[in-house]
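Trainee: Below you'll find the structure I mean.
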Amino acid sequence: MSNSIRDTFFEECEDLLDALIEGLSEMSAGTHEEETVHAVFRAVHSIKGGAGAFGLDQLVNFAHTFETVLDRVRSGEMEIEPDLMRVLQRAGDHLSDLVEANRIESGVDETTHAGLLGQLNGFLGKEGEDDVADDGAEEFVFEALSIDIGAPMETAPQTAGFEIRFTPRPELYANGHEPLLLFQSLSQLGSLQVTCEYASPPLGASDWQAPAASWQLTLATSEPEHAIHEVFEFVEGLCELDVQPIPVGPEQPEQQVVTEPAQAPPPTDPLPKPDHPRSAEPRQESRPDPKPAGPRPTLRVDLERVDRLINTVGELIINQAVISQRIEEMNLPSGAGLTTELEDYKLLAREIQEGVMAIRAQPVKPLFQRMSRIVREASDATGKAARLVTEGESTEVDKTVVERLADPLTHMIRNAIDHGLENAEKRAQAGKEPVGTIRLAAFHRSGSVLIEVSDDGAGLNREKILEIAISKGLVSPEADLNPGEIDNLLFMPGFSTATEVSNLSGRGVGMDVVKTAITSLGGRVTIQTRAGEGTTFSIVLPLTLAVMDGMVVTVSDQTMVVPISSIIETIRPSPGELHRFGVDGWLLSIRGSYVPIVDVAGCLGTGDSRADIREQVLLLVQTEGQSHCALAVDGISDQRQVVIKSLEGNYGHIPGVSAATILGDGKIALIIDPDAVIANSSASLRRLPDPRLEKELPHGIAL
Amino acid sequence: MASPSEPSENEVIEFVTFVAGEQSFCIEITQIREIRRWSPVTLLPHAPDHVLGVMNLRGAVIPIFDLAAKLGLGRITPTERHVIIIAAVSGQTIGLLVDSVSEILSVRSDSVQEAPNVRGDDTTSCVLGVVPVEDGMTRVIDLRRIVPNATEGAA
Amino acid sequence: MKPKVLAIDDSRTIRELLRACLENAGFDVTTGEDGVDGTTKFPEVSPDVVITDINMPNMDGFGVIDTIRRGEVNRSVPILVLTTESAPELKARAREAGATGWIVKPFDDASLVSVLKRVTGL
C-alpha cells in the first residue's frame with residue numbers, strides 16, 4: 001500500500017477530526033442543526049472506512065462502536081443528554097489519540113480505550129459484552145466475493161452440474177446488468193450451454209414490465225450450488241431464477257460444446273417514462289441541491305510551493321524598493337511620468353504579496369476547538385468545573401502561527417484552570433457561578449492579530465508572585481516593582497506559581513516557554529488582571545510572518561527598522577520636555593507624565609560616542625508592562641514595508657534584534673525588538689535581569 | 001580523520017587554499033559556494049570580535065567572519081582587495097573574510113594528515129588536519145567549529 | 001481506449017486508493033467528492049461504470065443512483081455501491097434503488113477489479 005495514500009489518510013483524518021470535534025461541541029452546546037449530527041457520523045464513518053483499508057483494526061473497532069452510537073443518535077433512537085454528550089466528546093478525543101497513535105505507530109492507553117468502549121457499549125445496551133471486536137471483524141469480510149461458510153461444505157461433488165432457468169425483469173437492465181456478463185461468469189465455473197427463448201411479445205407493444213426473453217442454461221460443473229447463486233447475487237430480485245442440480249449419473253449431458261451465449265435483446269428503451277418502476281417522488285435526502293450548502297471549492301497545494309512563492313514575492317518587494325531608490329537617485333524631472341508608474345508597480349507588488357500571504361492564512365477555529373479538549377482534561381484533572389467560550393473563530397492568521405500557538409495556548413489554558421480558577425467552595429463564597437469560564441478570543445486590531453486567554457478566577461496574587469520570585473532569587477528583596485512588573489515575573493525562567501507542583505501545569509514548562517514561543521513568532525504577550533475578577537493574557541501577533549510595516553531609522557550610522565506596530569508616536573522633543581535624571585539618564589515629559597528615554601545605540605552597544613539627546617528623535621512605544629518608554633534614535637528616514645529575514649538560521653539570536661531585512665540599496669538593516677531593547681536597558685537591568693541579556697551593557701539610563 | 005565528506009582511501013580531494021593571518025589554510029571545495037570581493041557589511045550588536053557583520057547574498061542574510069581573528073591571528077582591516085569565501089556547512093551559509101585565495105589543490109585523501117595534537121589554541125581547535133604542499137603546508141579548516149550555532153561538532 | 005470509471009467518495013483516502021487500484025488495472029479514472037460533484041461530472045465523463053459511496057454529504061449514494069437512473073444519458077450504466085455497511089437490508093435498498101452491485105470496504109485490489117470486470121465485462 002502506497003505510503004503517500006497512507007499520508008493522505010492521516011491528513012484527511014485531521015480534517016475529519018476537526019469536523020468531528022466541532023460538531024460535538026455544537027451538539028454539546030445545543031446549537032447544532034440536524035445536519036451537524038450527520039456530519040459527525042460521517043466523520044467517524046470515513047475514519048473507519050479509511051482505517052479499514054490500512055488494516056488498523058483497533059481504530060476500526062473503536063470507530064465502529066462510536067459510529068453505531070452516533071447512528072442511533074442521528075436516527076433519533078437516542079436522545080442527546082449530558083451523560084451521552086460527555087462520553088461522545090471523550091470518545092472524540094480518544095479517536096484523535098487513536099489516529100495519532102496509529103500515525104506514529106505507537107499505542108494508546110489501554111484503560112482509557114477499554115473504558116470508553118465499555119461506556120459506548122453501555123449506551124448500546126450491551127455493556128460487558130465482549131463481542132465488539134468480533135462485530136468489527138465480521139463487518140469487514142469482503143462480502144461480495146466471500147464464500148458463504150454457512151452453506152454445507154460438500155466433500156465431493158454431488159452433482160454433475162445445474163439446469164438454470166433465468167428470466168430477467170426489466171429492472172435488471174435498468175440496474176445496469178447485462179445477462180451476457182452473468183453467463184460469462186458462469187462459464188468460468190464449468191462448461192455452459194445457453195438457449196434463448198423469446199416470449200411472444202405483443203407486436204408493437206413496448207411493455208418492458210413483462211419479461212421479454214428467458215434463458216435456459218446448462219452448466220456442467222463440480223462447483224457447489226452457492227457458487228451459482230453468487231454469480232446471480234447482484235441480480236437477485238431482479239429476475240426469476242430457478243437452479244436445479246443435475247444428479248451424477250449416466251444421464252449426464254454428453255454435449256460439452258460451449259455455444260456462444262446469445263446476445264441479450266438490446267433494451268432500446270428500457271425505461272419508458274410512464275411506467276417507471278421506482279417511485280416518482282424523489283427522496284428528500286437525495287434531491288440534488290442546486291446550490292450545495294457545503295464548503296466552497298478549495299485546492300490543496302503543496303506547502304513548499306506556497307513558501308517558494310512567498311519567498312519570490314519577498315524578493316519582488318525588495319526589488320521594487322531597489323528600483324524605486326535607483327530612480328529617485330536619478331533625480332528625474334518631475335514630469336517624467338515614471339513616478340506614477342512606479343507607484344502602480346508598488347501597489348501591484350503589495351497586492352500580490354497580500355494575496356500570496358492570504359494563501360497561508362487560516363482561521364483559528366480548529367486551533368480553538370482543540371482547546372476545548374484541553375479545558376475538559378484540565379477540568380477533570382483539577383476537579384474544577386470549567387467551560388470554554390470562544391470568540392472570533394473565523395479570524396485568520398498565518399498557518400505557522402496556528403501551528404505554533406497550539407502549545408502556548410494549551411499551557412496557558414491549563415494554567416488558567418489550575419491557577420486562575422478558584423475551587424468550587426471559593427467560587428461560591430465569592431458569589432460566582434460554580435462553573436468557571438475560560439474565554440478564548442481572537443480578533444484583528446490595526447495590522448496585528450490579538451489572541452486573548454482569560455479566566456473569571458481570582459486574579460493574580462501579586463504578593464505571592466513577588467514572594468516566590470524573591471525566594472527563587474529572581475528578583476532582589478529590595479526591588480521596588482510596579483504591579484505590571486510583578487505580573488511579568490510569571491514569564492521569568494525558573495518561575496512557577498504552583499507551590500505544590502500539580503500534575504497538570506507542572507509538566508516542566510513554565511510561562512517563560514510560552515513567552516519564548518510567542519516571541520519567536522514576532523509576537524508579544526501581556527497580562528491584565530483584576531483581583532476577584534480574573535486574569536487575561538493577551539497575545540499580539542503580526543498578521544504575517546514574512547512582511548511587516550517598519551519605520552526606517554538611523555542609529556549611530558547604521559540603518560535599522562522599528563516595527564510600526566509598537567510605535568505610538570514619534571517626537572522631536574523641545575529642550576523643555578527633556579529632563580536629566582540620574583547619572584546619564586533622561587526623562588521625557590509628555591502630556592503631564594514622565595517617560596524614561598532609552599538610548600537604542602547604547603543598548604545595542606553600537607554607539608561609540610553617545611549622541612546628544614537634544615538632537616535625537618524619540619519613538620514613544622508601549623512596553624510589555626503597559627507603561628510607556630521613549631526610544632532615542634539619531635533620525636527617521638522612511639516608513640515602509642519590509643521583508644523579514646531571519647538571522648537565526650545562519651547566525652543566531654541577537655539580544656534586542658528580532659530579525660533583519662534588506663533595504664532598497666541591497667544593504668541589510670536590523671529589525672529592532674523594542675521590548676527587548678527596553679528590557680536590556682540598564683534601567684530594567686538593575687531590577688529585573690533579563691535572561692536575553694548576555695553581558696552588561698555599556699550605556700543606559702539609570703532611573 | 002573525520003573529514004566532512006568521509007572520503008575513502010586514496011580518493012582525490014580538492015581544496016581551495018587561501019591566506020589568512022599570514023598562514024595558509026584550505027577548505028574542501030565541496031563546501032564552498034562562491035568567492036566574492038569584500039563589500040561593507042551591516043554591523044551586529046553584541047557580536048564577538050571575529051564577527052564582522054552580515055551581508056546580503058541574493059536575498060539571504062549571511063554572517064561574515066574574520067577568519068584570522070577567529071583563529072587568534074589578529075584582525076584583518078578589510079579593504080576591497082580582501083576576499084570573502086562563502087561556504088556552507090550543517091545547513092548554514094557563512095562568509096569568511098581572508099587575505100587572498102591562492103589555488104585549487106588536488107590531493108589524495110591519504111596525504112591529509114591529522115593535525116598534531118599541540119596545545120589547544122584558537123587555531124588548532126579549528127583545524128581538522130594538515131596537507132603538505134611544495135612550500136610548506138596548508139591547514140584544513142573545520143567549518144563546523146567556525147559556524148556559531150552548529151550543534152554537532154568535531155569534538 | 002481505456003474503460004472509464006467514475007468513482008465517487010467523500011473520503012480523499014478512499015478516492016486515492018480507488019484511483020491507484022483502478023489506474024493500475026488499466027481504467028481511466030475520474031473521481032467525485034460527493035454525490036453532487038459526482039453526478040455533475042457524470043454526463044461529461046460518460047463512464048463505463050460508476051462506483052459510489054453511500055454515506056456522503058450534499059447527496060448520498062442513493063441520490064447518485066437515482067439521479068443517474070433517472071437521467072437522460074447513459075442511464076443503465078453499471079453502478080457499484082462502495083460501502084462499509086454489510087447489512088442485508090442496505091444491500092436490498094441499494095438494489096431497489098438501482099445499484100448493479102456492491103463492494104464492501106475495505107476492498108482489496110484484486111476483489112475490486114474482479115467485481116468490476118464481472119459487471120462490466122471489461
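Each residue's number is its place along the chain shown, starting with 1.
Cβ coordinates come from backbone N, Cα and C, glycine included.
Because TrEMBL annotations are produced automatically, they should be read as predictions rather than curated entries.
Sharing the record's features from TrEMBL:
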- A:272-290: compositional bias 'Basic and acidic residues' (COMPBIAS)
- A:1-102: domain 'HPt' (DOMAIN)
- A:342-545: domain 'Histidine kinase' (DOMAIN)
- A:547-683: domain 'CheW-like' (DOMAIN)
- A:HIS45: phosphohistidine (MOD_RES)
- A:245-300: region 'Disordered' (REGION)
Trainee: Counting only residues 6+ away in sequence within the same chain, which have a CB under 8 Å from the CB of the residue listed as 'phosphohistidine'?
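Mentor: The residue listed as 'phosphohistidine' has long-range Cβ partners A:ALA63, A:GLU67.
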Trainee: Taking only the residues in the domain 'HPt' (A:1-102), give me the average pLDDT of this model.
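Mentor: Taking every residue of the domain 'HPt' (A:1-102) together, the mean pLDDT is 86.
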Trainee: Please work out the helix, strand and coil residue numbers for the domain 'HPt' (A:1-102) from the DSSP assignment.
Mentor: 86 helix, 0 strand, 16 coil
Trainee: Could you tell me how many residues in the domain 'CheW-like' (A:547-683) are helical, how many are strand and how many are coil under DSSP?
Mentor: 23 helix, 71 strand, 43 coil
